[in-house]
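> The structure that follows is given in the form of structure tokens.
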Amino acid sequence: MGGLLFGGFVSGQLADVLGRKFTYFAALFILLVFNGAAAFSTSWEMFAVFRFFIGIGCGFYLTVYFTFLIEFTPRTYRSMLVALPFWPIFCIIYACLCWWLHEWKYIQLAIAATNIPFILAIFFVPESYRWLVSNGKIAKAHSVIAKIAKINGKPPPDFKTFYEMASQATKQKSTEKRYTILDVIKNRRLLRYNVLLSVGWLSCGYGYYAISFGVQQLSGNLYVNLILINAMDIIGIVVWYLANCLGRKWTTFMLFLIGGSMGIVVGIIQFIDLSDKDELVNGFALASKLCVSSGWSALMILTSELYPTVVRNIGYGINNAVARLGAMVAPQLVFASEKIDGLSYLSFAGMMFLSAILVVTLPETNKTALQDTMDITISQKKSDKQSIMNPGYEKENYGTID
């Protein structure tokens, strides 16, 4: 988790300076090398060092992958991307793998090997055209869009028209500066977003991992519980529908509120002696896990859409790093809850309720276009104007950043 914290901060800056593609494939390479190397550790200290670097690779990946995806995706389908249950499906496969292999060395080698086919995608996956335009590389951005058009059987946009529209959208002056975390902090609106979002990310990081790390405290087989607790997340695909119908903000609010309520129920049950106590705890714990993972998915969409392209990965990286602070606290409270019944789940409930209240104060980003620069001013009135910079011809009704 320390590696994830470090990786989250560093990768956000790297992805905005060097590009989404470089950072994404650097993450996969780090995971391949250090997972493989960890299998040959001769002491727990050596293993811990390798785990730190594995955490950095995870931090890189978790920070950039969703931003990389949504910058190719029309607004309507962004919630679909985060809702598709790839994460829980592979967690279930991982649980089965651990159940089968048992030996930690073989598990490390197996994890390393899974990165190889995805690294080969470096020859096929292009750089984000939004990042290219925002950094003044308009010709390269046009070639990426032309490639996408060819795949979809559509004619590519005229280069001259594209160049004029892209130049006007970015006002060119945005390409003259390299943005850093300081720019996000200095901008009062972005700083406000950061503070409010970071509470939610901290809560999700704590809640997700507190329930996951506490799986051993649930009754029954460890591996079966691990499979079940991740299988519940597959139901989270409903976020796709909710985020488009209710909006990103209200979906997050609702799931945080329900998740916090489930956490209170688990905490109270752990205090009471009941004949079917174990079954009730397991059931409500699984419901809590579903709510926090689904709420986190909705929060990811909201977070990525609130930041302009030039600092999107920086802002997302900051929040991703903050989530790891919650994840670092999680195992400590899981251990403490062995002596103090309900501590872990009641703490989780309190954080979920606080996050639900704060997320309501953020602006809704549903049915709005992604903003590309810090200085661009977009009319708050709905417009039917079509733009190459907005896939799917999104309506530009997003307020100014400055």
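Each residue, glycine too, has its Cβ placed from N, Cα and C.
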> Among the residue ranges 102-123, 190-211, I'd like the one that TrEMBL describes as transmembrane segment.
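Going through 102-123, 190-211 one by one, TrEMBL flags 190-211 as transmembrane segment.
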> With an 8 Å cut-off on Cβ pairs and a sequence gap of 6 or more, do the transmembrane segment (250-272) and the transmembrane segment (22-40) reach 3 or more such pairs?
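Not in contact, no.
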> Are the transmembrane segment (342-362) and the transmembrane segment (80-100) near each other by the rule of at least 3 C-beta pairs under 8 angstroms (pairs 6 or more apart)?
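With fewer than 3 qualifying Cβ pairs, these stretches do not touch.
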